[in-house]
Amino acid sequence: MAAAATSAAVPITCSSSSYEDDDNSATSSWSLSSPRHRPYRRLLHDEAQRLCRARRSQGPGADTPRWVRRTADQMDRYVDDDRAGHVYGRHVVAAVRAVRATASRPAAADDVRRVMASFVTKLTFREMCVVLREQRGWRQARDFFAWMKLQMCYEPSVVAYTILLRLYGRVGKIKLAEETFLEMLEAGCEPDAVACGTLLCAYARWGRHKDMMLFYSAVRRRGILPPLSVFNYMISSLQKQKLHAKVIHVWKQMREASVAPNQFTYTVVISSYAKEGLLEEAMDVFAEMRKKKKFVPEEATYSLLISLSSKRGKGEQALRLFEEMKGQGILPSNYTCASLLALYYKNEDYSKALSLFCEMERSKIVPDEVIYGILVRIYGKLGLYEDAQHTFEEIEKAGLLSDEQTYVAMAQVHMNVGNYDRALKVLESMKIRNVKPSHFSYGALLRCYVAKEDVASAEHTFKALSTYGLPDAFCCNDLLRLYTRLGHLEKARLLILNMREKDFQFDEDLCMTVMEFYCKSSMIEDAEKLFKEIQRNGKPMKVTTMISLIEMCARNRIGMIQKEESPKALDATDSSAASMVLKSLLDMPGGLSSACQLISKLARQGEQLTRNKDQAKFLYEQLTALGAKLDDDSALATLIVQYGQHQQLEQVQELFESASSSSSVGGHVYNAMVDALCKCGKIDKAYDLFMEMVDQGKNRDAVTISILVTHLTKHGKFQEAENIVHGCFRDEVQLDTVVYNTFIKLMLESGRHQEASLLFNRMKENGINPGKISYNSMINAYATSGLHSEARIVFQEMQDSDLAPDSLSYLALIRAYAEGKCYKEAEDAIQMMLGSNITPSCPHFNHLILPF
């Protein structure tokens, strides 16, 4: 009995499975006013007697019988067979009327006894159940049931108790329903699925979900399985209260009990899975509903799954569902179209978005403000700003302009093209129309003022944002960048201090802005503290963010050096900060490679910016101190070249030896080392290293060859230079114009004009177009050799190659003519210069005057 008492504390309402439907479905809405049109209910006599005997003979453990429902033909026969319009006889109708009449009198415990005195011994148990069921008021039903139990023909029955439970559940008398259920147990009536289902539905109907679940557990422990209609009522009630987890729990129990769901069940369960964000589970149930049960889902079900799939980044699945829905002939709702348009906008598939919008017009689906807002954003992304403005005006004319997000969408379109004044005008119009602004619109206002560098208005907007709590990281970042950009460092410091005091959660962008401020203000200790805090909280940082932070530390370090800060102060600040960040970077996948790329970038920029070159050296030293070796030939080569330009031979050699010991050195490093040795004046070592490089089969860089040959020539080492030239020709090394010019110049300086001419021809044969320097060199060479005809031919080639001869070209040609005593041709060359708007200088005329 304790278990029974526990099981009674649960909620429910009666559904189609109640005894009203089972026993007397034809009289469930019995009207006493029209005899001919009253609902009639009379079971076939033999079937009714058989079911009654079967139930009574089985005792309290009897299964619930399935009550017979008449067909239309049977109903006609019962009407024809009716006894004066009363299926149960006049005395039953009179009893129903007598009990109902007590509702108009003052409440009295003996009212029913008095009015039913004449009916004693005249009603059978079944007829008393009919009278009980036909009562409209719970008090009359309660009092009649009390009278009913005093009659000789009464036997405790789950049917009578279930009728009373249904009536109590209908009017919300849960406590009376629970007491009635307990009484039924105490009377020895074993509750069946209909009785339990009736109480379960009563609990569900009146929001007593905790009691409902407790009672359901008790019912299942008794081995009673409620019918599907009760399960549907339960999950529907739970879903209305947004108790989706409990819906899923009941669904799983239905599956365990092998209760076959219907379309309504699937619809509710899929919705709850979707509302809980369980997309995969929702899709599994959806697939079962479609493929196994062959049910056609409703538009709302498709809409939920499309929206959730879109939010989870499963655009293809969302589109597949949409196509399937259209294949079923289901017209999409505004909500579905809005979800798809948002997906197209996110994927930048604007053509499909516009196509869907046109399809909505053809299907006469009226767009709402959300859809128009998405359309405005799409036009903005496509650069169709006039169309976006026109659509915004259409929304206003249609009277749909009421959501601040639509205003902000139009303002963002203006902001994207830098028209912040028009954006501000749109946002101000929102205030005029009494659309209450939120942090969303204030954030857009702040971005406008930050872009216009209007500090006062930005601060005022930020203050308004603060009424909703501390603004988000994006807004804080905007204002902080404005302060930093305009040099309001004290305001920036106070803003950061305010965020720190309120335990504000920094995102990655805000962290970088704060770090930049710390470095700009030489607050490296604070930068270290923030970085340690990020690491301690386990927040992930992108490699690019860490690289930027390292670069800032290096930049600040070099700035302090240039300001002649004390070495002690330097060691205590950003050296440790850079080392700490570098160490964390090296622990990340690809960290060392990223550090090498940064060093290479800074070193290359160092050719124009000395500070960047110094930063590259600083970072290399920090990596070396951490025991890391550069694994990027490009970074190593760039560093070696930079050290060489400053003739820091010791650092060059140290870096090259370190690279050689750690791994095989690539051709880039060898070429850089040759270049550095040349710049440090170690020509012999550069030549030896180059030849070693040739022996090892390393790729020879054309620039390095040119630099080495130039330095060898300057130091009179013509044989070595010639060896390099012939070695390149022998090994068919690809050379550029600069290298050939260097070789030609080498031949000319050594007086070997013929070989210079051969080199010039070879360069052209190899498809390398000579430049002005090459042509001028060859004209000078032929002039020195007295070969004015050859000089004239080269000059003509130069003109034919679309290279306009300059003053030096004409000077070389005039010199060649003068050496060959072709003065008339020399004078013609002077006239050609004048025709080309090139003014002859003294050297040009000297070649004509000196012979005379």
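The backbone N, Cα and C atoms fix where each Cβ goes, and this holds for glycine too.
Copied over from TrEMBL:
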REGION    12-35  region 'Disordered'
COMPBIAS  25-34  compositional bias 'Polar residues'
REPEAT    157-191  repeat 'PPR'
DOMAIN    227-383  domain 'PROP1-like PPR'
REPEAT    262-292  repeat 'PPR'
REPEAT    298-332  repeat 'PPR'
REPEAT    333-367  repeat 'PPR'
REPEAT    368-402  repeat 'PPR'
REPEAT    403-437  repeat 'PPR'
REPEAT    472-506  repeat 'PPR'
REPEAT    507-541  repeat 'PPR'
REPEAT    666-700  repeat 'PPR'
REPEAT    736-770  repeat 'PPR'
REPEAT    771-805  repeat 'PPR'
REPEAT    806-840  repeat 'PPR'
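For the repeat 'PPR' (771-805), the DSSP-based tally of helix, strand and coil residues reads 26 helix, 0 strand, 9 coil. Away from its own ends, the repeat 'PPR' (806-840) comes close to residues 772, 775-776, 779-780, 782-784, 786-789, 791-792, 795, 798, 847-848, 850-851 of its chain (Cβ-Cβ under 8 Å, at least six residues beyond either end).
Counting residues per DSSP class in helix, strand and coil order gives 27 helix, 0 strand, 4 coil for the repeat 'PPR' (262-292).
For the repeat 'PPR' (403-437), the model's pLDDT averages out at 85.
Residues 702-703, 705-706, 709-710, 713, 718, 721-722, 725, 728-729, 777-778, 780-782, 784-785, 790, 794, 801 of the same chain lie 6 or more positions beyond the ends of the repeat 'PPR' (736-770) yet place their CB under 8 Å from a CB of it.
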